[in-house]
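These come from TrEMBL:
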{"type": "REGION", "residues": "25-49", "note": "region 'Disordered'"}
{"type": "COMPBIAS", "residues": "26-36", "note": "compositional bias 'Basic and acidic residues'"}
{"type": "TRANSMEM", "residues": "74-98", "note": "transmembrane segment"}
{"type": "TRANSMEM", "residues": "118-136", "note": "transmembrane segment"}
{"type": "TRANSMEM", "residues": "148-170", "note": "transmembrane segment"}
{"type": "TRANSMEM", "residues": "176-195", "note": "transmembrane segment"}
{"type": "TRANSMEM", "residues": "216-232", "note": "transmembrane segment"}
{"type": "REGION", "residues": "307-363", "note": "region 'Disordered'"}
{"type": "COMPBIAS", "residues": "324-341", "note": "compositional bias 'Basic and acidic residues'"}
{"type": "COMPBIAS", "residues": "353-363", "note": "compositional bias 'Basic and acidic residues'"}
Amino acid sequence: MKRMREFDSATAQATVLSSTLQNKTNLKDSQAEKQKQIQITGDGDDRNPPAMSSQALAGGASFFSGFTRLCKGLSVVLVGGCAAVQIFPNAVNYLALIPARTIPFAWNLITAGYIEQSVFGAVIGTLGLLFIGKLLEPIWGSREFLKFVFVVNFLTSICVFITAIALYYITRNENYLYTPLSGFHGVLSGFLVGIKQIVPDQELSLFSLLKIKAKWMPSLMLLMSIAISCFIPESATYLPTLISGTYISWVYLRYLQRNPETSLRGDPSDEFAFSTFFPAFLRPVIDPIAMVLDRMLCGRSETSNDAKGYTVGGSPLPGSDPIEASRRRERGARALEERLAAESLSAEGSAEDLSHKDAAESV
């Protein structure tokens, strides 16, 4: 009987020990599972990091999406031109604008605008084309956008050629004749004028420090370029292209661009007058000078419109006056806002989809 009691006591102790070990094992498993769950879903203030990263990823994807096929194609041209002159340096002599050789190599007036001689210039040109182009092309249309790029590039090259020849005869410095000139920055400055026309009062943030209305972007760009050229003389070679691209694009948009809805040309609104490039205190001096250009080109534009039968009894039909120009600008601004809103909604939708996917995977 004594041995039986000892056996029962040993059995009870073994049972208690086994139960204790099992409880410890279950506790460790529970702690491990909890730690794993914390790593997946987050804890405290840092909740759901996968969802946060998904939203950031979706926002970044939306920011780098929506580029038009035409802008992508032109970007390939810019990158290809830069690669060509990097691999074959002598190609600059045949593709860039060299004023002393322009007469036998007249195609330089067209090719120079698409040749960036530095990788940095190619990056700036490509990014500017993609991001500004996806705002302007849907409003202008692909055909008009391509026409704008071609015309502004060609006329800018002509102005740069004339400027270089004039500077040579004034200074007798042969560098003006034999320095290769090229780059897409003339058209980029023209894009800023296009934004000035469509959304002049839209506030833009520069480096998250300064807010400026879109109508001042072309003037600010020229002012900064002139200031930089005073400290870095080598950058002065860009000034003729930037200045020519800015004001040629204004002439094109003011007098020549065809409205796809009415087939009329130009934008005669006061908000897009030449004097709007300058501060208010200079406009009384600028306006009389601008009137000469306005009479020369506006008369030509009116003749073109009259020849197409867009007048009745000497008065213009709706669409050829400043009111219609203002309406076009409002429609362009509305289209731009709708496009930005659509991209924002697309980013939010992508973020939600990725969030649901991450939640499903965690389950």
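Quick reminder: no glycine exception, Cβ is built from N, Cα and C everywhere.
Automatic prediction, not curation, is the source of TrEMBL annotations.
Among the listed stretches 74-98, 148-170, 216-232, the one sharing the most Cβ pairs under 8 Å with the transmembrane segment (118-136) is 74-98. Here the transmembrane segment (74-98) has long-range neighbours at 105, 108-109, 111-112, 114-119, 121-122, 125-126, 129-130, 133, 149, 157, 160-161, 177-182, 184, meaning same-chain residues at least 6 beyond its ends whose C-beta is under 8 angstroms from one of its own.
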